[in-house]
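Colleague: Here it is, the structure, as structure tokens.
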Amino acid sequence: MGQTLYEKLYNSHIIYEDKNTLPIIYIDLHLLHEVTSPQAFESLKNKKRIVHAPIKTFATMDHNVSTKTNKISASGKAAQIQMQQLINNCKDFNIKLYDLNHINQGIVHVMGPEQGLTLPGMTIVCGDSHTSTHGAFGTLAFGIGTSEVEHVLATQTLKQARSKTMKIGINGILKPYITAKDVILYIIKKVGTAFGTGYVVEFSGETIENLTMEGRMTICNMVIEMGAKSGIIAPDATTYKYLKNLPYAPKKEKWKNALEYWKNLKTDNDAKFDKIVKFDVSQIEPQITWGTNPSQTINITESNPDPKKINNIIDKQATEKALKYMNLKPNQKMINLVVDKVFIGSCTNSRIEDLRIASKIIKNKKVAKTTKAIVVPGSKLVKIQAEKEGLDKIFINAGFEWRLPGCSMCLAMNDDKLNRGERCASTSNRNFEDRQGRGGRTHLVSPITAAAAAIFGYFVDIKNIL
């Protein structure tokens with residue numbers, strides 16, 4: 001019987017296995033940031049261990065950095081300590097670090113792919129749940145905890161149980177105003193936040209094939225929000241074109257050899273998945289979250305659910321709780337709902353394609369006087385490219401704040417936060433209670449919907465303004 005792409009990746013990286021323990025797999029790339037690495041390095045030092053493969057370990061600063069200045073001193077005390085520790089640890093263990101003054105600095109899941117560090121066939125780990133983003137390149141990529149960070153630093157290996165396999169087929173030509181963000185929110189709405197628990201999900205189908213690498217990364221980034229271990233998309237011509245000539249991508253003869261290998265990274269025709277799901281997304285509309293988890297999503301023209309019409313007591317109580325936190329009423333329309341802030345950024349939607357499509361919406365327009373809007377490029381290279389194209393001027397002239405790279409308002413771990421009661425149109429990946437700031441209310445949307453909300457000061461049906 002044939003193998004799925006996940007099985008090929010997993011099996012080819014097993015370096016030890018017996019019936020009494022979990023298999024041990026080799027890790028090809030280990031990405032670090034300032035938040036989940038300090039304890040791991042401290043433990044290494046206490047045990048007088050070295051980093052096994054510094055050449056396969058790369059670090060950047062992203063989670064708690066200020067996006068207003070590239071000075072560490074602009075962040076809080078705890079953040080300053082974490083960043084300084086990362087500098088010291090990378091120096092002590094000879095690890096490449098893209099610090100705040102480095103041209104390659106950025107969000108770890110933006111930096112890795114754009115440097116060509118993320119290559120098909122790899123196993124990739126990082127102390128961050130959205131490491132699944134890299135699966136868009138045909139890699140087995142997943143987040144790990146701090147103790148596992150230490151283990152990979154010390155051994156370049158990890159004990160890892162086999163996951164179940166799921167195939168999600170996505171077909172249909174998207175409407176011109178629909179993005180990958182709408183697609184993945186739609187799927188999470190349909191299946192829920194626990195549907196993928198225990199699975200690695202392979203995405204395939206016409207829609208996936210037509211997406212850019214940026215769109216594919218958005219899909220794999222948010223597979224975690226349906227409970228999956230990771231997401232994978234088989235590499236193809238789109239992947240190869242993106243990777244060619246990137247700094248760490250293979251060159252010359254090595255490129256030819258790599259292509260031959262990469263073209264075999266696909267699920268065999270006779271492979272068996274544990275679960276198969278199919279979606280037709282040709283008719284979907286812009287998606288928006290109304291509640292406090294990504295599955296609490298509706299079409300932007302729809303109304304919020306009414307708890308009285310929900311029979312399941314658990315779902316009913318969850319709906320009541322979410323509506324209360326979000327200060328929304330049952331059956332309330334999302335259209336015309338006023339937003340206080342707009343955030344375009346995060347490892348989900350901060351790449352050059354995201355900034356381009358948002359800039360088209362706001363060009364020659366002005367941000368509503370009642371709304372504060374910020375755009376945070378995912379990396380310095382994204383920022384530089386956007387400025388070459390004049391996108392920064394479009395955003396600034398419209399009234400957006402044009403920031404430096406970082407995770408920013410995706411999470412309340414830096415100085416970009418929501419105040420209590422503020423409502424935000426956000427292109428990030430999580431809308432949990434207090435995620436963007438204590439008492440803040442997050443609505444997950446695409447860059448197009450977010451840009452439109454900034455101009456009007458409230459949510460609109462994008463079809464009506466194109």
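Placement of Cβ uses the backbone N, Cα and C atoms for every residue, glycine included.
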Colleague: Which of Cys220, Cys347 does Swiss-Prot put in the same [4Fe-4S] cluster site as Cys407, Cys410?
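Modeller: The record-listed residue among the candidates is Cys347.
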Colleague: For Cys347 ([4Fe-4S] cluster binding site), which of the three DSSP-derived states applies: helix, strand, or coil?
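Modeller: Where Cys347 ([4Fe-4S] cluster binding site) sits, the three-state DSSP reduction gives coil.
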Colleague: Looking only at Cβ atoms, how many others are within 10 Å of the one on Cys407 ([4Fe-4S] cluster binding site)?
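Modeller: The answer is 29.
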Colleague: Across all the protein chains here, work out how many other Cβ atoms are within 10 Å of the Cβ of Cys347 ([4Fe-4S] cluster binding site).
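Modeller: So the Cβ neighbour count for Cys347 ([4Fe-4S] cluster binding site) comes to 26.
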Colleague: Let's check the environment of Cys410 ([4Fe-4S] cluster binding site): how many other CB atoms sit within 10 Å of its CB?
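Modeller: Cys410 ([4Fe-4S] cluster binding site): 29 neighbouring Cβ atoms within 10 Å.
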Colleague: Using the Cβ centroid of Cys347, Cys407, Cys410 as the reference point for the [4Fe-4S] cluster site, which residues of the same chain not in that list have Cβ within 8 Å?
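Modeller: Output for this site, in sequence order: Asp62, His63, Ile107, His130, Gly345, Ser346, Thr348, Ser350, Gly406, Ser408, Leu411, Ser428, Asn429.
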